[in-house]
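K.L.:
Straight from Swiss-Prot, here's the annotation block:
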BINDING   G82, N113  anthranilate 1 binding site
BINDING   G82, 85-86, S90, 92-95, 110-118, G122  5-phospho-alpha-D-ribose 1-diphosphate binding site
BINDING   S94, E233  Mg(2+) 1 binding site
BINDING   R168  anthranilate 2 binding site
BINDING   D232, E233  Mg(2+) 2 binding site
Amino acid sequence: MRFEGIMNDIMDFRNLSEDEAHDLMEMIMDGEMGDVQIAALLTALAMKGETVDEITGFARAMRERAVKVKIPESMRVVDACGTGGDRFKSYNVSTAAAIIAAAAGVKVAKHGNRAVTGSCGGADILEAAGVNIELGPEAACRSLETLGIAFMFAPLFHRATARVAPVRRELGFKTVFNILGPLTSPASAEVQLLGVFDPYLVGPVAEVLRNLGVKRAMVVHGFDGNMNPAMDEISTVGPTLVGFLEDDEIGIKRLMPPDFGVDVGQLQHLKAASTVDGNLRMFMDVLAGLDDTPGRKSRLDIALANAGALIYLAEMEDTLEGGTEAARETVESGAALRLMEDFASFTQNL
């Protein structure tokens, strides 16, 4: 496969086959492309728009080469991850939701990275909370078995992620790697809550998950109260577009905050802080269940709605509203905050 030929095809707006995309990702992972070539490729793909076949091929290659976390066959794990790069840049909702869901009994294998375009990614917030994020596959599996949660730092498990990280930072805009991160769980999670930065990705990404063998999933994009695309999370300030995947069938629905059992909140309260320390304060307030101000209540409610979806996907509750109620009870009992403290202590001693 010649790089020049592939680039000419992409710039002529010809879509790649799944196999071509697979082989192209192998070239990246094998170090056959320089930084300038990678930057040109990512830019051209972003301008053309990536297809389901292309994303599937890229993800399949990354999954094949990933350092695997060997999960016991009897354990059903759930992954909670967003693409990042959303317009609003909300605080670390999916990470808070993962902790709450794990405290409620869901086995959560969270796969993530540092922030690329924002101030604080999932890896950044967990590290700030005291978690050792650089665990290998055996230690991650031990964390999952002992605590019910593990964090897998993407660059340690994916050569491609580490290879393109400097290029992505320099480019500064969303690329296919924003989409690929949540699709390439080293734990091969068959259940997933995946937030996307653009509502037009909801259906295609659900198709990719199906192609990759995921059994049950929700792909979500949240809007603000004026129907503007806003966040790669379930929204509590406006509608959420959801792609439900179950039994190889995909259904697209629009849900409102009451469908998740929460009140309509205020968008301005969900915005990420400008520093890691500021985000950490928000994050810990949520896990502690603080809701004594409008801002704290809004941040807690969105975490509960997203945690509730994880509980629902894990089939611990029959409805999304029931999942949110279970998440609320978990936080009110103090279990979420205790798990966060245990997670930090456990991983530092591995």
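Here the Cβ of each residue, glycine as well, is placed from N, Cα and C on the backbone.
Are these features on the surface or tucked inside, and what touches them?
P.N.:
Classification of G82 (anthranilate 1 binding site) by DSSP places it within a strand. Note on G82 (anthranilate 1 binding site): other Cβ atoms within 10 Å of its Cβ, all shown chains, come to 28.
E233 (Mg(2+) 1 binding site) carries neither a helix nor a strand DSSP state and counts as coil. In this view, E233 (Mg(2+) 1 binding site) is surrounded by 28 other Cβ atoms within 10 Å of its Cβ, with every protein chain counted.
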K.L.:
Out of S90, H111, R114, R168, D232, which of these binding-site residues is nearest G82 (anthranilate 1 binding site) by C-alpha distance?
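P.N.:
Out of the listed candidates, the nearest Cα belongs to D232.
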K.L.:
For the binding-site residues H111, R114, R168, which Cβ has the most other Cβ atoms within 10 Å, all shown protein chains included?
P.N.:
H111
K.L.:
State the count of C-beta atoms found within 10 angstroms of the C-beta of S90 (5-phospho-alpha-D-ribose 1-diphosphate binding site), not counting that atom itself.
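P.N.:
The answer is 26.
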K.L.:
Inside 10 Å of the Cβ of S94 (5-phospho-alpha-D-ribose 1-diphosphate binding site), count up the other Cβ atoms and send me the figure.
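P.N.:
S94 (5-phospho-alpha-D-ribose 1-diphosphate binding site) is surrounded by 26 other Cβ atoms within 10 Å.
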K.L.:
According to DSSP, does N113 (anthranilate 1 binding site) fall in a helix, a strand, or coil?
P.N.:
coil
K.L.:
Pick out which of the binding-site residues N113, D232 has the most other Cβ atoms within 10 Å of its own Cβ.
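P.N.:
The residue with the densest Cβ neighbourhood is D232.
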